[in-house]
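Here is what TrEMBL records for this protein:
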- 6-379: domain 'Major facilitator superfamily (MFS) profile' (DOMAIN)
- 7-28: transmembrane segment (TRANSMEM)
- 40-63: transmembrane segment (TRANSMEM)
- 70-89: transmembrane segment (TRANSMEM)
- 95-117: transmembrane segment (TRANSMEM)
- 129-152: transmembrane segment (TRANSMEM)
- 158-180: transmembrane segment (TRANSMEM)
- 210-232: transmembrane segment (TRANSMEM)
- 244-263: transmembrane segment (TRANSMEM)
- 270-291: transmembrane segment (TRANSMEM)
- 297-323: transmembrane segment (TRANSMEM)
- 330-350: transmembrane segment (TRANSMEM)
- 356-375: transmembrane segment (TRANSMEM)
Amino acid sequence: MKQAFQAMVLIASGIFIASNLYTMLPLHPALAEHFGTSPAWTSLTSTLFIICYAVGLLCFGILSDIYSNARILQIGMAAVMAVTGIIALTDSFGMLLFLRAVQGFLAASFAPPAFSYTFKQFSGSRQSFVIAMINTGFLFAGIFGQLVSGYFGSSYSYQMVFVVFSFCYLSCAVLMAAALRPPDMVDRRKAAISLITILSFFKQSSLQKLYLISFFLLFTIMLFYSSFEWFIEKNPEGLPLTLQQFRMLGLIGVIPAFFVSRIQKRLPPAVLLCLFLSLMMAAFIPAMIGISTGTLIWASVMMVASTSVTIPMVIVLIGSLAVKNRGSALSIYSFVLLTGASAGSFLAPFLPLETAVYAIAVLFAFLTLIAYRLISERIY
């Protein structure tokens, strides 16, 4: 029962933290009007958050190997709550940008210690299930964050969005204090990390393959959905769906994540990774033949289904390969994953939807071969 409570707290906290990656997207037009700035300037409220979040992942990954994971999670959540509350009180655009950058850096205090804590406190299929659920929460946050932000932003003001999330983070901080086990003891002499240690991760052949696969997981989601958004804008009558409806249908794909622990009892992580990467490739074959409502919904659902399993399998494999400096290895994974998401979003305006569909199918055929090499290397 205690472990179930811990898992629920980590999953819920992950959803609220990841939601802040997306909360500003529905608010950009309102912010531009409120502060009298251009859309390009208001988009910095999201860009600065993501950049500082990525940098923070590396920093807190290192700290996760040196200090107590539970203590980092608790202090980090309290700090995010405080900064989010301050954002709700500011009415200066310059201060808003600064505080969003600070918020992004502090929000990164969740993922590395949360995954490291999961590896220490859970084992076997339960460990895989918790990791899968945390990542499913991250996927869900892409919709949840925008829905909450859109509702409170349009009904009240942009400040109210941060008031709501500040109370959410307060609740998470209290639950973390009650649920997470006492601070774990860490031998800082053994956990000492350096640039040489970080670079050593990239010298391991298996980790190289896993980081390469990681780069393209969220890259594909951002590329596909952003390309679809551009497609809808240019062809408003092309499909009878809005972007939000399309994304919400895609959430059906998270269902396999609930059965990861059962599946893993029969198949090792590397085999599951290979199978679900090939599922991603196969998902886009119908859309390659012809773009239609049905083929795009199928691609969206199967893409999310593939990602909901491949991400936790990558984390499990990285965690098993980098035991001594697991927090740092996972923070690099998170940094690579987020960098890929940014690259996918950047490329979307330059790639028509038809081209993106072909590119994704070919890309994942290549990644499936890389995952097969992991099986041949007996990385289970």
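Glycine is treated like the rest: Cβ placed from N, Cα and C.
Three or more CB pairs closer than 8 A are found between the transmembrane segment (330-350) and the transmembrane segment (95-117), so contact between the two stretches is assigned (pairs 6 or more residues apart). Between the transmembrane segment (356-375) and the transmembrane segment (158-180) there are fewer than 3 Cβ pairs closer than 8 Å, counting only residues 6 or more apart in sequence, so the two stretches are not in contact. If you look at the transmembrane segment (297-323) against the transmembrane segment (129-152), you find at least three C-beta pairs under 8 angstroms, all six or more positions apart, and that counts as contact. Long-range contacts of the transmembrane segment (270-291) within its own chain (CB-CB distance under 8 A, at least 6 residues past either end) are made by residues 213, 220, 256, 260, 263-264, 298-299, 301-303, 305-307, 309-310, 313-314, 317, 353-354, 357-358, 360-361, 364-365, 367-368, 371-372, 374-375, 379-380. Just going by CB pairs under 8 A, the stretch in 95-117, 210-232, 244-263 that sits most against the transmembrane segment (129-152) is 244-263. With respect to Cβ pairs under 8 Å, the transmembrane segment (70-89) is most closely packed against 158-180, considering the stretches 7-28, 95-117, 158-180, 210-232, 244-263. Non-local neighbours of the transmembrane segment (158-180) in the same chain are 2, 5-6, 8-9, 12-13, 16, 19-20, 23, 27, 30-31, 34, 70, 73-74, 77-78, 80-81, 84-85, 87-89, 91, 117, 148-149, 152; each lies 6+ residues outside the stretch with a CB under 8 Å from one of its CB atoms.
If you take every residue in the domain 'Major facilitator superfamily (MFS) profile' (6-379) and average the pLDDT, you get 85.
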